[in-house]
Amino acid sequence: MSLWVDKYRPSSLARLDYHKEQAAQLRNLVQCGDFPHLLVYGPSGAGKKTRIMCILRELYGIGVEKLRIEHQTITTPSKKKIEISTIASNYHLEVNPSDAGNSDRVVIQEMLKTVAQSQQLETSSQRDFKVVLLTEVDKLTKDAQHALRRTMEKYMSTCRLILCCNSTSKVIPPIRSRCLAVRVPAPSIEDICSVLSTVCRKEGLALPSTLARRLAEKSCRNLRKALLMCEACRVQQYPFTEDQEIPETDWEVYLRETANAIVSQQTPQRLLEVRGRLYELLTHCIPPEIIMKGLLSELLHNCDGQLKGEVAQMAAYYEHRLQLGSKAIYHLEAFVAKFMALYKKFMEDGLEGMMF
């Protein structure tokens, strides 16, 4: 049994539920013959990967859906061996080079070299190039991005790249200038409500419009999250009711409790407890950027107007440090410690003002 988010994922550009004008433009791009490198970007849950797979289906036909998982071992110049998992068909290869950490440059060079030098076995597709899909390009090191730029030029005749990321701000200009940028905006609340209603109708379920809207708003316009929450509601209670509780993910509840612990007490002992909770989130593969963003959102609820600006500025500083560093826990803990000091001083100053 597959999840709704996979079961009802559109497989062609013609069947996409929203951004249909963009889908028509992508279809024209595929049919024109001169297919460029693509840089597909947009927020999480907007449908980037779905559109990329639809493009591949338009390029090569149904063969791209015959996927296999491959494990490759790449040896770095320092003789270090790196295990990389890829998803491949006869026509394309999908890889996340940032999984290799600081060795991502070697992974990119080896992967692209291997794909570009292999010939197509099936000529029925009438495409003389293969496609390499690189995900989370914005997390690549600068060395890897420069290596990617050189490799793009070298193997242009036999290989096309589709780069996928959340934001182009961390992608170097030479790569951006060599790709056709395709922005996939987050779906509107109405779009998400429409998709939820359609999926529930196909499942034979009656979804109240009020609940559909609550799901769409709670998902922050993330369609994948909305579908997962809707399916969780179905497991929790059916028939649906307009005011039924929408289940939250465990890590979101845990993060809210962590924020409440920070606000309730500002001591070294509490900081040590919070550090342990942050470690717990990181070991469960919650990205540090998501932790920082969620923590900031929860903490701002307990700040007044004057303090909000300082806390937001402080979070931006430590988020930047987070991107530059390699140990996320240091920067998350530093943000919490700085917030504790700022919040404690703010509360003490407020009490003094009330007394006098």
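The backbone N, Cα and C atoms fix where each Cβ goes, and this holds for glycine too.
In the three-state DSSP assignment, the secondary structure recorded for LYS20 (N6-acetyllysine) is helix. Cβ neighbours of LYS20 (N6-acetyllysine) (same chain, under 8 Å, six or more residues apart in sequence): none. As annotated by Swiss-Prot, N6-acetyllysine applies to LYS20.
The phosphoserine feature in Swiss-Prot is assigned to SER125.
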